[in-house]
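Participant: The structure is given below, and queries will be raised subsequently.
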Ligand SMILES: C[S@@+](CC[C@H](N)C(=O)[O-])C[C@H]1O[C@@H](n2cnc3c(N)ncnc32)[C@H](O)[C@@H]1O
């Protein structure tokens, strides 16, 4: 097969879902939930993780007036400030803009780590920091110059969540403001940050929730999430059979920096080089590893595209689809729960597989490699031309006779190519509520309306996938959101509309391809992975078989 999607032949995207994380490795995950302990005093040099050593329990300030303080912008703080500005003004994604700014300002590894922690932390905890700032500013925050507000957020994160000495946080933030905004607001920034520094984060949180009895409001402040997301996540836990009491752990997991997972494309890649350079073998799924950090481009297999960055949840759902035994009776179509590690690899020779929503190509690359191993072929579809190009790049390490890229609307594939494919992945556009840890700004950008707006497209794409799958074949409906409106409700609607469908046990299917064999992700025949349980993105999987 040849690529119709403009294969550039270069190294595949290592970005996985949205490409986040490569430079996010330096992020401490610091957020409004519990940290900010002091260390030894008297130095503000950055350590190997880019943290400025120590803010002691006591705050010491210079007696200098703001006008006498530094007028220079420290490059790492400047990068963080520019990232916040780009996110606010240009709707930029922090994980994409940050690496570019780090390169542009020639930050070394330590400064890059500091800039990452500062920008990611300030963005993640924005809601909580704004609540603190609102107590320290004598006017509504909406009346502040947005650039001043971003400078304040950066100051708050240094003061309350990083080990930056208070005098350095103040001096450097005021210096940054003087250099990039102007001398005018520096007195305000200085005065406000002094008020902020009077309390620790825990003391601020206690003050903010004082007298509050609404648990949603309390969790929203403590864990820096919008209230509607706290409610949505609680509802999601319950919908997938987990206790609502897990909500705090789930929100906390959203604030931790995600580990960068690697996948070696089956039959093509090897993890040897990554393991030799310090990566740890993945415990959940075969062929995976946890990166030890640093520039992954140093690994030849990553440069060749045969080893890629991919969340373990994505690896699991792609492998589960590939492993479904279509030859067995529907009820037995996944491996026996009792012997999950010995899941049989079904023969798929001459099968045609379809990835209906493939961009940027993370799962397509894994599916393409698995398809090739089994003598099957893969069509990867993506409507956005630039993303279709990324899919081709991601697949470029897989020999070209086993895959093709189609640039088009997935909703048309079902009518254009009815009953053609044996295995179909439909990884629909969704709110991404299950991948908040990768995108620090997204929680403040999303709204409940996104869930309702995406519903019709998700249903149409699933209907197209079900039309494109042949009788006896299987469709994997996948989201990186656990919200029931995007997961179980979409699947239930599809099952209601046709009488030739049946749900396979997705929890057992995940167990069958996992190394532990006991993920406990299944509920009512569908499966939901969780950051606080599985340390993956919150991927949802339903396996829908079309009766033969
Ligand atoms: C969740 S992402 C898929 C992630 C991908 N499977 C991966 O692992 O890298 C959803 C994709 O669906 C694409 N999309 C949006 N509308 C679509 C449509 N009408 N038909 C097919 N794909 C669509 C988006 O452009 C996006 O690339």
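Heads up, the Cβ atoms here are built off N, Cα and C, so glycines get one too.
TrEMBL annotations: computationally assigned, not manually curated.
Worth saying up front: this structure is predicted, and the values here are computed from it rather than measured.
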Participant: So TrEMBL lists 357, 358, 359, 360, 361, 362, 363, 382, 427 for S-adenosyl-L-methionine; which of 350, 409 goes with them?
Facilitator: 409
Participant: Give the residue from the binding-site residues 359, 361 that has the most other Cβ atoms within 10 Å of its Cβ, counting over every protein chain displayed.
Facilitator: 361
Participant: Whole-number answer please: how many Å between the C-alpha atoms of residue 409 (S-adenosyl-L-methionine binding site) and residue 480 (active site, nucleophile)?
Facilitator: 20
Participant: Within a 10 Å radius of its Cβ, which of these recorded positions (357, 480) has the fewest neighbouring Cβ atoms?
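Facilitator: It is 357 that, of the recorded positions 357, 480, has the fewest other Cβ atoms within 10 Å.
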Participant: Near residue 363 (S-adenosyl-L-methionine binding site), which residues of its own chain have a C-beta under 8 A away, given they sit six or more steps off in sequence?
Facilitator: 310, 314, 317, 318, 355, 425, 427, 478
